[in-house]
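Undergrad: Attaching a single structure in structure tokens format; questions to follow.
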């Protein structure tokens with residue numbers, strides 16, 4: 001995905017998958033099938049591959065994509081313009097990570113997204129959760145951690161769509177946003193990774209994206 005002249009602007013440092021590793025090969029496979037344009041097929045588990053590893057590689061990829069998408073609109077997402085983290089008038093998110101902040105706190109969208117992306121980054125960098133070396137097994141709680149990460153990343157998409165879509169259109173990036181989100185949604189649907197209730201803020205859009213592919 002190319003983001004023109006603004007592509008260097010990510011919100012957090014990009015998370016790189018080590019070249020030469022099996023996960024790097026999987027990422028290349030994912031990119032190649034994405035290029036074919038069939039997203040439903042692109043998200044399927046490649047034959048003979050480990051489900052955890054496939055989910056890990058794609059989670060890192062979505063983190064990087066959202067990082068770039070949000071990076072392009074940070075100047076429009078401010079303490080003043082977005083004093084609460086919301087996805088339209090009916091959905092407001094409060095932050096808690098269970099360790100540093102145990103009781104959910106109300107905070108502005110830029111603050112919330114900063115907490116969220118930093119938290120995701122810490123999970124992705126944790127070798128016990130996301131092992132990058134071949135043969136190192138994934139922990140038993142990997143799937144529940146991955147689900148939490150994806151559930152939270154969805155909230156960034158939801159905030160961008162509800163509060164900043166005008167800016168995305170002005171930057172002529174709606175095609176990138178839509179493709180990225182569609183890929184994300186097909187992926188979480190394929191492996192049932194996000195509860196339907198969590199997806200409610202973008203339900204209409206999800207149905208629209210899905211119906212085009214039937």
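Numbers here mean position along the shown chain, with the first residue as 1.
For all residues, glycine too, the Cβ spot is worked out from N, Cα and C.
Just so you know, TrEMBL annotations never went through curation; they're auto-generated.
Pulled these from TrEMBL:
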{"type": "BINDING", "residues": "77, 82, 159, 164", "note": "Zn(2+) binding site"}
Undergrad: Taking the Cβ of each of the binding-site residues and counting other Cβ atoms inside 10 Å, which one has the highest number: 159, 164?
TA: 159
Undergrad: For residue 77 (Zn(2+) binding site), which residues of its chain lie six or more apart in sequence with Cβ-Cβ distance below 8 Å?
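TA: Non-local contacts for residue 77 (Zn(2+) binding site): 70, 109, 110, 113, 159, 163, 164.
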Undergrad: Report, as a single number, how many Cβ atoms besides its own are within 10 Å of the Cβ of residue 82 (Zn(2+) binding site).
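TA: I get 19 for this one.
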